[in-house]
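Undergrad: Summarising the annotation, Swiss-Prot assigns Ca(2+) 1 binding site to ASP298, ASP304, ASP352, ASP354. Residues or ranges marked as Ca(2+) 2 binding site by Swiss-Prot on the basis of sequence analysis: ASP298, ASP352, ASP354, ASP359. The region 'Disordered' annotation in Swiss-Prot covers 469-519, 572-751. Summarising the annotation, Swiss-Prot assigns compositional bias 'Basic and acidic residues' to 472-482, 590-611, 625-634, 664-681, 703-751. Per Swiss-Prot, compositional bias 'Polar residues' is recorded for 483-502. Here Swiss-Prot flags 612-624 as compositional bias 'Basic residues'. Among the features that Swiss-Prot reports, compositional bias 'Acidic residues' is placed at 639-651. The annotation coiled coil is assigned in Swiss-Prot to 701-728.
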Amino acid sequence: MESSLIHHIIIVLLLLWFISSLNRSHAFFYFLALIYLYLVHERYVMRLKRKLQFEERKQANQRRVLSDSESVRWMNYAVEKIWPICMEQIASQKILGPIIPWFLEKYRPWTAKKAVIQHLYMGRNPPLLTDIRVLRQSTGDDHLVLELGMNFLAADDMSAILAVKLRKRLGFGMWTKLHLTGMHVEGKVLIGVKFLRRWPFLGRLRVCFAEPPYFQMTVKPIFTHGLDVAVLPGIAGWLDKLLSIAFEQTLVQPNMLVVDMEKFVSPTSENWFFVDEKEPVAHVLVEVFEASDLKPSDLNGLADPYVKGKLGAYRFKTKIQKKTLSPKWHEEFKIPIFTWDSPSILNIEVGDKDRFVDDTLGECSVNIEEFRGGQRNDMWLSLQNIKMGRLHLAITVIEDNAKSSDDPLKKAKLNKEDIQTSFASDTTNLGSFSSDKSPSVVDNFEPIKIDGQEETAIWVQKPGAEVSQIWEPRKGKSRRLDSQIQRTPNDESLSNGSSSTDDNQEGSKNPMKSVGRGLRKIGSMFHRNVKKEEFLIGSIEEESQSQSPRINLKAVNQKDVGLNFIVDDNLSGPLSGKSLDGESLDAEENSGKGHMKDVAKSFLKQAEKSAKQIKHAFSRKGSMKPRDGHKEIVPESDSGTDSESSDDDDAFTCVKNLATEPGKLTRDGNIERTGDDDHVDSTTLATAKEDSSGDILEDSTDVEAKEEKLKEAAESETRDMDTAMNIKTEDEKGDTLKNIEEGEEKESSSK
């Protein structure tokens, strides 16, 4: 390093001596000489730091304990022994020899018309593998992917001769030689291996850098002991830029070098390598129109602005507009994008062209991913770092959809919105969602990969979010919808245990209803079994038909959202023999005392009818004589005229109360109580009627006594009802009793 730096110092001193001999000595030349030596010194210091870091890492790797990435010291030792024997020749002549001309042809500088490599020797030092590890996941079809930390620092005996033919306008078409006497490469290398079942068993090797590597060369023109032009301020920057572009576009992931091992080991000479340059997935069209309100940077109050941009490894620059603060360029640049996985940030800088160092007039950045979709986005951007200045741009992202249209999986994803729309239309017809619009469900398409098929033809479609039925909550008293009374065959029984609790609750809450229910029970005991069964079945059918639908479910295509209060029918059941189906719940709950008086009157009428029915039953029993000491039971097919002409509403009311009482409907239509209640059936009723009328039929005077007892019972029923209601006056009671006595006198006179 010292000898090379001394060479530069000697050159500077000679130039200064020559200028002073011409009487052109000026402080400005000394200042330029100082800047030149400073830049050269910085370049040498950077190289020295890299060499020292290399030595430190080399020693640290030798002492390091094994971790996730192994140090593979055994491999470095083996390569060090094999390298001077055969590996160096294979690397320089078989691998790099065919590849370097391709690089020179594609990335040669504009000053060179042609470039060829005449000699290449890598030196005695082999590449050093700092660490190695296996990547479990592979993005391609490689069977094995290795990540190696490589560090190659060439020895002093490295030599490479590069012949360059200059262009005629620059060097009159002369040939010159460049000597590469040093090289330093450091970075992470990815190696993908694909195996074969036949010779040579290694089908393909893919090599690339995981990230842009550090690369430095020592280039000397004409002879090997000359000046290193790679450290000169102008040439050094230009050479670094050229090498970085060459590496990033060819050997940095996702671009990689592919080696066909079958052709590589074949005896015939074939082109065994090629560069796998990944095709861009999109292009960005950047249109630079104009700028306004730029900052004056020159002494004349103007500027010479230009725009340069950078997106990844690609750069662009506009032309220079002279002496203006509102330049107009109207230039466009097309930049490729290879992947959307990494951030795509377009960095733009507006500069002022000067003779030595360009000034910065402002910077701005744009995220390209925000403008995807193929639309042209025209915008004015404010320049940062400077308080003034704006830039007029237009950005258009042109995506390459040629391949995506052929992929059936992507087609399915493109039609995802259609699938969501059809799903939403189907679910609205089900009527099970609580809102008009069904929730948006994003379907997931999971491809099923089949060995031997390049394209996937089978997917598993899964909804993105499970949609369950949302039931509307009910307010008010809860009701079990599955405890409905339905018509069943005669050999089956119905259990009405659930209704008993409702009846008990109602009886305890309202004594008026318990009194009315007792009167209806007395009248229903003396009805015929056939008529009782007919009315019972008819009431069951009518109740099942008139039963309300499921309130908590919406009907098909129903759009309103609301709450329906459910109240049991038992809470608002009929209080008289007539049906109250036409009355609404609100009307019954909001009725006043006048309505309660009408209800009390209806109870009295019901009591009167019950008394008539009891008296009519005993009168029919009195007209029959016992035969052979046995009591005769009236056949079920025989019915009286009065019984047939009884009011249907009375019968329906009585039967409905029987249906709501706790018990079971037996095969012959009788009611069988459960719990501590009395067991009542048709035979028991008939026996009770015969026992109660056995002695009365022998003597007519006993009939009169029975009628008196019935009167007393009716009076006691009336008194109990008046006490419970507290709304019946004494006049109404007297009229009612008078009507009952008149009715009894008429019946006795007719007998």
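Glycine is no exception: its Cβ is also placed from the backbone N, Cα and C atoms.
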Undergrad: Please report the Cα separation of ASP359 (Ca(2+) 2 binding site) and ASP352 (Ca(2+) 1 binding site) in Å, rounded to an integer.
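TA: Rounded to a whole number, the Cα-Cα distance is 5 Å.
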Undergrad: May I ask which residues of the same chain, at least 6 positions away in sequence, place their Cβ under 8 angstroms from the Cβ of ASP354 (Ca(2+) 1 binding site)?
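TA: The list for ASP354 (Ca(2+) 1 binding site) reads SER297, ASP304, given in order along the sequence.
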Undergrad: What same-chain residues, at least 6 away in sequence, bring their CB to under 8 Å of the CB of ASP298 (Ca(2+) 1 binding site)?
TA: ASP304, LYS323, ASP352
Undergrad: Please compare the binding-site residues ASP304, ASP352, ASP359 by how many other CB atoms fall within 10 Å of each one's CB, and tell me which has the fewest.
TA: ASP359
Undergrad: Residues other than ASP298, ASP352, ASP354, ASP359 within 8 Å, Cβ to Cβ centroid, of the Ca(2+) 2 site?
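TA: Surrounding the site, in chain order, are SER297, ALA303, ASP304, GLY351, LYS353, ASP358.
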Undergrad: Summarise the model confidence on the coiled coil (701-728) as a single mean pLDDT, whole number.
TA: 67
Undergrad: Tell me the coarse DSSP state (helix, strand, coil) of ASP352 (Ca(2+) 1 binding site).
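TA: In three-state terms, ASP352 (Ca(2+) 1 binding site) counts as strand.
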